[in-house]
C-alpha cells in the first residue's frame, strides 16, 4: 500500500511588504560591510502606507545614507508609481538606528582574535534529493513561480502585474517521494483594468506552464489565481511589512524545523544567520557525499561562547551510519565556530541583498558559498578510514 500525502510550501515576491523590509535591511548591511568588515549590524525595517522606518543597532565608523539606500531598493523592486500603493520618490524614510550595546559587543569581539556567538540560539539546515539543488520540491517550485511573476512583470510580458504577490504549491508524495503537483495558489497584485479571466489564463500559460517542470504537471491540477477575485491594493498600502517575518519562505518551506531567528539585516557574527548557512552547508554536503539521502542538522550556540554547545544530525533513516558517527564527522570536517564559519564561507562580503528574496538556500549563485558541495569528498574519506 502506498503511503500518500500532500505537503505545501509558499513563497512571496520581492514586492511583498515583508520582503521589501528584508531587502532594505540587507541593502543597509551590504553598504556597511563593503566599507567596514568589522562592523556589527542589526538592521530592522518597517514599511507601511507611504513610509519606511529603519531601526536597529550598529557598531561602525561608516555613515550609511539610509534614505538613498531604501529608495534605491524600492525603485529596483518596482514601486515607481503612487498608483501601485507606494512610490520610492514620495515615501517618507525615517532613520531610528542606534548604537550596539557594549554589553553585547564585549562577548563577540575577543582579544585572542576569536569571535564569540552574537547571541544564544538554535539553527537548522536541511538537504534532500528531491531537486538538483538538494532542496525540498514544494519550496523550490513556489520560488520559481514568484520569481517568474517578477520577471514577467519587469520584462512587460504581463504588463498588468504589479509588485506584490505570493505563491503556494501542494505536492503529492508517494512513499516519501514527490510524484505530482496537486494544487497551485497564486495571488498577484494587478492593474484595475485587467479582467480576472484574462489574468488567470495569462498567469497559468505564461508562468506555470513555462516555468514548472513538466514531469510534475498534469491536467487535474487545481488552480487558484487571485481567489478573492481582485488584488489591486497591495504592497505596503495593503499590509505593513517587517524584517524577519518570512523565515519559512527564506528557508525550507516548513520541511524541517526552524530555530526562530531571522536572517536579513544581520552581519555574520549573528549566528542566527551565519550558523543557519553553515547548517545548510553541512546538510547539503552530507547528502552530496552519498552518506545519506536526507539530512537535518541542528547547531546551537551561547552568547559570547566560541564553540557550538551542540551539534545534531538526523538522516531520517536514510543512512547506514549512526547520528553519533555523523556528528563526529561533521565536527572533524567543518569549522563551526563563528569565526570558522565566517572564514570558510567568506561571509564578510556585500552579498546579502542577493539572499533577501526567493530563498537563502537552493540557489547556486557564485556568492552563495554555503551551497557548494566541496566538502563531499572529505566526508567520504572520513568514513573510509
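From the backbone N, Cα and C atoms, a Cβ is placed for every residue, glycine too.
Going by Swiss-Prot, these are the annotated features:
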type: BINDING; residues: 16, 164, 165, 166, 230, 231, 239, 245, 246, 262, 266; note: ATP binding site
type: BINDING; residues: 18; note: Mg(2+) binding site
type: BINDING; residues: 44; note: K(+) binding site
type: BINDING; residues: 57, 100, 239, 270; note: L-methionine binding site
type: REGION; residues: 100-110; note: region 'Flexible loop'
When the binding-site residues 16, 230, 246, 266 are compared by other Cβ atoms within 10 Å, fewest goes to 230
Spatial neighbours of residue 239 (ATP binding site) among the binding-site residues 18, 44, 57, 100, using Cα within 10 Å, are 18
Cα-Cα distance, maximum over 16, 164, 165, 166, 230, 231, 239, 245, 246, 262, 266, record's ATP binders, Å | 36
Other C-beta atoms within 10 angstroms of the C-beta of residue 57 (L-methionine binding site) total 16
Candidates 18, 44, 57, 100, 270 (binding-site residues) passing the 10 Å Cα cutoff around residue 246 (ATP binding site) are 18
Most isolated by CB count within 10 A, of the binding-site residues 18, 44, 239, is 239
Report the nearest neighbour of the residue listed as 'Mg(2+) binding site' in space among the binding-site residues 100, 165, 230, 266, 270, comparing Cα positions.
-> 165
Looking at the binding-site residues 16, 165, 230, which ones sit with their CA no more than 10 Å from the CA of residue 57 (L-methionine binding site)?
-> none
What does DSSP assign the residue listed as 'Mg(2+) binding site', in three states?
-> helix
In chain order, residues whose C-beta lies under 8 angstroms from the C-beta of residue 100 (L-methionine binding site), counting only those at least six residues away in the same chain, are 40, 42, 57, 58, 59
Within 10 Å of each Cβ, count the other Cβ atoms, then let me know which of the binding-site residues 165, 270 comes out lowest.
-> 270
How big is the Cα-to-Cα gap, in Å, between residue 230 (ATP binding site) and residue 270 (L-methionine binding site)?
-> 41
Based on DSSP, name the secondary structure state of residue 165 (ATP binding site): helix, strand or coil.
-> strand
Nearest-integer angstrom distance between the alpha carbons (Cα) of residue 270 (L-methionine binding site) and residue 44 (K(+) binding site) = 14
